[in-house]
Amino acid sequence: MRLGLLGLLLSLTRSCLCDPQQQTCHPGDELLGRCSNSVAGDKTTCTEMNLGYCNDMEYSRTIFPNILGHRSRMDAESGPEYLLLSVIHGLLNGECSPEIRLLGCSVLASPCQDGKMIKPCRSTCDALRKDCAHAFEAIEMAWPYFLDCDRFFASDQEGCFDPLAGLKARQELEMSSLSPEEPSTIIQFTYTSNAQMYSFLKRTAAKCPQISHVYSIGRSTEGRDLLVIEFSNNPGQHELLEPEIKLVANMHGNEVLGRQLLIYMAQYLCSEYILGNQRIQALINTTRIHILASMNPDGYELAASEGHLLNGWTNGRTNAQNIDLNRNFPDLTSIFYRNRRSRHYRIDHIAIPDAYWFGKVAPETYAVMKWIRSLPFVQSASLHGGDLVVSYPFDFSRHPQEERMFSPTPDEQVLKQLARTYADAHDTMSNNDTERCGASFYRTRGIINGALWYSFAGGMSDFNYLHSNCLEITVELGCDKFPSEAELYLEWKRNKEALLSFMESVHRGVKGVVTDLDGNGIKGATISVKGIRKDVTSAEDGDYWRLLNPGTHILTVTAKGYSRVSKRVYLPHNLNKAGRVDFVLKKVPIEPDIDDHLFPTLDTWDRFDPYNQFERYGEPDVREGGIERQEKPWWWNYFSQSGISPPNWLLRSV
């Protein structure tokens, strides 16, 4: 229906705008004095403003005929221009509103002063057209004909008025009313559709191109972009020793608050950096931040269609395939539990079992896994809704029959501190009020081990921990999964400091570069900490990051074909940045060793989607309009259900 209306409006606005008396002179040419549509009895008349969509203009009297040649209010209201003004807010999904409407009204009903028309300013039109180009491009609509800046607007020298002056004055007044402690950035605290979200993120990146850019990590089941906005003083590139952090929200489509908070945070980071906020500038200049505001845009579409009042506890939770994305990741935690007693078994960078690829893998899960593998993320937060608490891995109980059992990782103390950082900076999460949302966690001050709360397999946080260097916490933002718009500003105030503190906390522990004697970085070197049986590996250029709490630690670095080097490191409690600890390794002859399997090889960690079953996500299925899938052989379901990897000779037959 919307496309049909848009087509009608486009055809109307591109056609000759004729009145019942069949104009022969183009209104713009008439204004330039080249010809005239005047008939006997025509004369300019000042009259009271009485156009419904324009009654909030800063003046009360207008003039007819107007700039477009309409001779009366009735002519103006029956024209396609007025019709377009009445629906432009919906067509542009709220973008550039009310500016576009006010600009249109300045043409349809220009102010009358001393019996003469005052035209709107061309500079205002040019600026708004530039700012709103992205919104019109998003719906493939041309800039409206009757807002032609050259034809229907006047220069400052000719004498003109700014139709947006009143709006700007009100915004400045709101800005001046903020206390010094309040942010200088003005944010519109409303919900955003998927189209609006994409537009906001792209517009933010365009506003701050020196520190941000947007990129897509893949598409949802229904083909929507999984759009990420990145902030860094060198966007698009990994910088040596600069830690990378990610924030992910809306994994469950009906848990919408986190999505909005991350959209607001993107706008805030951009604006505050420009305004000279030293804290934000320091954060962005030393950190590479990746924000995925919606991991499940399809689910959000369903939840948003019901709205705040009607949305239930589960509608929109899953993706369009009815898959719960936070149960869809490879269950590496069970592998960890089975092998944790083996002294030689490596529990970091656990490979994805081949059997996983024989199950149902959502395109959203697939895209995020590739994303996790492609960048050296250090820490992460996944934003959810339904309670008020921060949980941390493991989320899957060490005894599957026990639904609530404390199941710590080797990094229990570090993860606990990460969770504490967010909870303590939140306005209410860690207080001892027993009547509030999340009161059941007041004894632990708003944090809990995930499996102790409730156990589930296939979660994203456990996958991050066991498959990569990244430590991820899960933030439950509140008991209402879809709060009203009136709550959005309050929730921003409650969570803004927590989000900033969490991002800043990546700068602790140790960091450094692993090189050979010639100064070349060594990729894939293993950095071990005595007493913590979870290693991290160095990135492409040999740099590494290891989150650690204050104290004395013994670090050991190994790499295949190089000597082993150990160092003792002391991290004082008052250290407010990561300590720098570099390692230089000497090449040694490679000898076969029982520990060879401790290092990732092409046969283990690098085996991702080995049978190319899911790389084809995003290609249309011409038969049903869905996602194209490769036909599976007759034995596929057997191995998928049994959890056993099929033999190589059988796989080669696929």
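Backbone N, Cα and C atoms are what each Cβ position is placed from, and that goes for glycine too.
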From the disulfide entries in TrEMBL, identify which of Cys121, Cys125, Cys132 pairs with Cys149.
Cys125
CB within-chain contacts under 8 A for Glu476 (active site, proton donor/acceptor), separation at least 6:
His384, Gly385, Gly386, Asp387, Leu388, Val389, Val390, Ser391, Gly438
I'd like the Cβ neighbour count for Cys125 (disulfide bond), meaning other Cβ atoms within 10 Å of its Cβ, all protein chains included.
24
Given a separation of at least six residues and a C-beta threshold under 8 Å, show me what packs close to Cys149 (disulfide bond) in the same chain.
Arg122, Cys125, Asp126, Arg129
